[in-house]
């Protein structure tokens, strides 16, 4: 046993040696991958206006941008999941057009998604080779060869994962290693990693970076998507910034700085977009103290006053929605308290929360906010069914009358109140969800990503609406991943990162740079 | 975290020889438990009444009775492994059994082998209809095959009418296949076991076989891997249909009499056999061996219960309890394994 271990050790280091030699002799060929002015829209929503990026061989390229900047769409086009509407897509100088993931894979592109996509019931080895297992003449899978190759790749990567075990139960880090092993066994020339570090610990990130560097030194092209600037600067050679579905800039990493990148990412005049109406700010209405749910969020304390809009900023996955759900009572929490207008709310009881005047407009309106097959009026009156019920009967007329009030106030554009909600546009669906909760006459309104995926016109309508509601004295907690929205709307901005509150800024001090920094700065800096 | 930044650690299982690995594999395999249960049933029934095993009829029945179900259960297992289900197998069997009789009546002198091929092809076509509807229309297999269960049965009733196939309609050589033996082993059982061995080999050793598991384990991941999901699902249904077709032909050979109700309810037995045998209803897990042993356990228990003096009307309940027990057991085992894997990870950390 020690012998084989030693052999591997030597092999591992020899490999590195070989690679260094190789690197110095490589001459730059055509770009490994080149996208220019790529456009992709879904119906009326343009997800990607102008996607442009060039990956060079033997180089790691960072792609950064806010949520919704179009990074994922770009990746999915490269992966063959989506087809572009316009623009050019070249691989090693040749035009390509992928109809399926199989094609992009065959062309030597491997994509590692944030959530690894493995078969939980199958062995690690099978996961690496599925669909292209080594076979003998009659097509029988050569398990020995397969296993040996898996072991070779793992030893080259310097990791020890039992190739025979099933992938269920592996840590995200190990699952990502398997994805990388897959890419290596494919001999992928282009490797795209979509926020691979989001769920990794410090050591695991180090290991991933070591692997990424050695792949780069073999002459492969890597693309690295991350929200963490420290990682971008530590790992990458070049960086491309995207905003609102468009290419903004590409620069060598040595010639840029965090400040400049943030400016490019946010890049617009925030104040002009959303007219914030002045509102009279009253007493504390929602008081959250020391709210903790182990592993999800810890020690969250804040207040929201009557007439105040508090923005809750942070990256996707920072735990903001989870806090909102815990406050409303749909998710549990282990310690801490929530008080509304002085009385404390029982844990895990949404009905009690609603009775105290709390309303939650959830993140995913289609799944959590609406019954898409039901009519607009039934959706609007869903939360006030009991008050509309007379003598045990809930009539269409009562529902239509109640719904009509909110539909006209919110200017919901629908053919009829009894039209199926699923037929409405995204923006109008969002108005229906808002109407549903406003009908309950809440004192505290929590809105989670209120304008995600809706067009610009409706967006500003929603903002105007929220502003008016605040004027009427409702306390509003607005979760949003769009920085301009938070900065434009909020009287106060809270920032969460990795389950903790990491910043609080009054409107006057909430600059894009300050909020971004609080949302992304690495752990060491914060502590 | 099971992996480290250090250069390679020694292989996972130091000192495990091939032999001990095989032994531990057999010991851990889900199929072993059900095989033991089957043996226990046989031992108990034989103790109460030695004729259960030690008479020529008893031994023959033990092997013969579950053979048809075995064939259908193997097909069903393949479909379930891809996270689908085929409820139409009983109706497919009924139709092919009747077709078999009609071929012998309408085309006197037709070679037996031609009838077999016709039955298998006919079953495959019916399976293709199922598969096409499931794979292309993207409607859950449960609904599609529930529909074809009734449609195929309806066609059968319309075609058969009050007519039926009688033993005298079938050539003796053909009937001999259903009742004959080679060295005390019924020919039917031999056919079933040959099919079982081939299916097991394919599922274990061919890319297409492994892709059935992959698709059932995570259909979305299968798409991202670029596997040909549609084609594989289609293939699974064709195989299930073809095996149901084969057992339809054999049904005619074994029983001689074929009415329009032949094979009714078989689909539930086939699913039951697969589930008892450790094929996960959510796909991706299980073997055709398990399904085959499940088929034997299911039908052997049915025969054993009256012998040990359990009243007729309890028999179905016992079978039901067996199915639920098997699912609960699988769930418990899966949860325990999952927790163990996670704990193992935390330990290393």
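Each Cβ is built from the backbone N, Cα and C atoms, and glycine gets one as well.
Bear in mind that TrEMBL entries carry predicted annotations, made automatically and left uncurated.
According to TrEMBL, the feature transmembrane segment maps to B:34-54 (among others).
Per TrEMBL, the feature transmembrane segment maps to B:61-81 (among others).
The transmembrane segment annotation in TrEMBL covers B:112-136 (among others).
For B:142-161 (among others), the entry in TrEMBL reads transmembrane segment. Within the chain carrying the transmembrane segment (B:142-161), a Cβ under 8 angstroms from the stretch's Cβ atoms is held by residues 85-88, 90-92, 94-95, 98, 126, 129-130, 133-134, 259-260, 264, 267, all 6 or more beyond its ends.
Taken from TrEMBL, the feature transmembrane segment applies to B:182-203 (among others).
Here TrEMBL flags B:233-253 (among others) as transmembrane segment.
Among the features that TrEMBL reports, transmembrane segment is placed at B:274-301 (among others).
Within the chain, the transmembrane segment (B:313-333) has long-range Cβ neighbours (under 8 A, six or more residues past its boundaries) at 30, 33-34, 272, 275-278, 280-281, 294, 297-298, 301-302, 305-306. What TrEMBL records for B:313-333 (among others) is transmembrane segment.
Here the transmembrane segment (B:34-54) has Cβ contacts under 8 Å with residues 62, 276-278, 290, 293-294, 296-297, 300-301, 303-304, 307-309, 326 of the same chain, all six or more residues outside its ends. Ranked by the number of CB pairs under 8 Å to the transmembrane segment (B:274-301), the listed stretches B:61-81, B:112-136, B:233-253 are led by B:61-81.
Among residues of the same chain six or more beyond the transmembrane segment (B:61-81), those with a C-beta under 8 A of the stretch's C-beta atoms are 42, 52-53, 89, 93, 141, 185-186, 188-189, 191-192, 195-196, 199, 203, 212-213, 216, 236-237, 239-244, 246-247, 250-251, 254, 266-267, 269-271, 273-275, 277, 279-281, 283-288, 290-292, 294-296, 298-300, 303.
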